[in-house]
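Reading through the C-alpha cells given below for one structure.
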Amino acid sequence: NLIQFGNMIQCANKGSRPSLDYADYGCYCGWGGSGTPVDELDRCCQVHDNCYEQAGKKGCFPKLTLYSWKCTGNVPTCNSKPGCKSFVCACDAAAAKCFAKAPYKKENYNIDTKKRCK
C-alpha cells in the first residue's frame, strides 16, 4: 500500500530524502500523470504508474494492497506469495530502487503541470 511504498523509498534512499518529496514531482510523481516525463526520476514514476495500472487490470487495488517485504542493506525485497500482493510489492520495490538511483532536481518539484506536462 502507499504507506509501505513510502517506507520502501526510505529503505532504498537510506532515509536521505522524505518520501513526501516524491509526491509532487514532475509530471508523474503523485496523483495522475500525463505528457513526457521531465527527467529520470519522473520516468521512474511513470513506470510505477504503468505498473499500478497493470495491477488494476489484474483485479488488484495497488494503493490499498498490504504485502510482505523487508529492507536488507538498503534493498527492499518482497516476500509475498504470488498474486496481487507479490505484483504490487514488485511495482513498489522497482520504483523505490529507481528513485534511489535517479537524481532529484528541486526545480522539478511542484511544477506547473498544465504547462510542462503536455
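Every residue, even glycine, has its Cβ placed from backbone N, Cα and C.
A quick note: this is a predicted structure, and the numbers were derived from the prediction, not measured.
Swiss-Prot lists Tyr28, Gly30, Gly32 as binding Ca(2+), and of Asp39, Asp49, Asp92 the one it places in that same site is Asp49.
In the disulfide annotation of Swiss-Prot, Cys45 is paired with Cys29 out of the candidates Cys27, Cys29, Cys60. The cysteine that Swiss-Prot pairs with Cys51 in a disulfide, picked from Cys11, Cys84, Cys89, Cys91, is Cys91. Taking the Cα of Cys27 (disulfide bond) as the reference point, the closest of the recorded positions Asp49, Cys51, Cys60 is Asp49. Here Asp49 (Ca(2+) binding site) is positioned 8 angstrom away from Cys29 (disulfide bond), judged by their C-alpha atoms.
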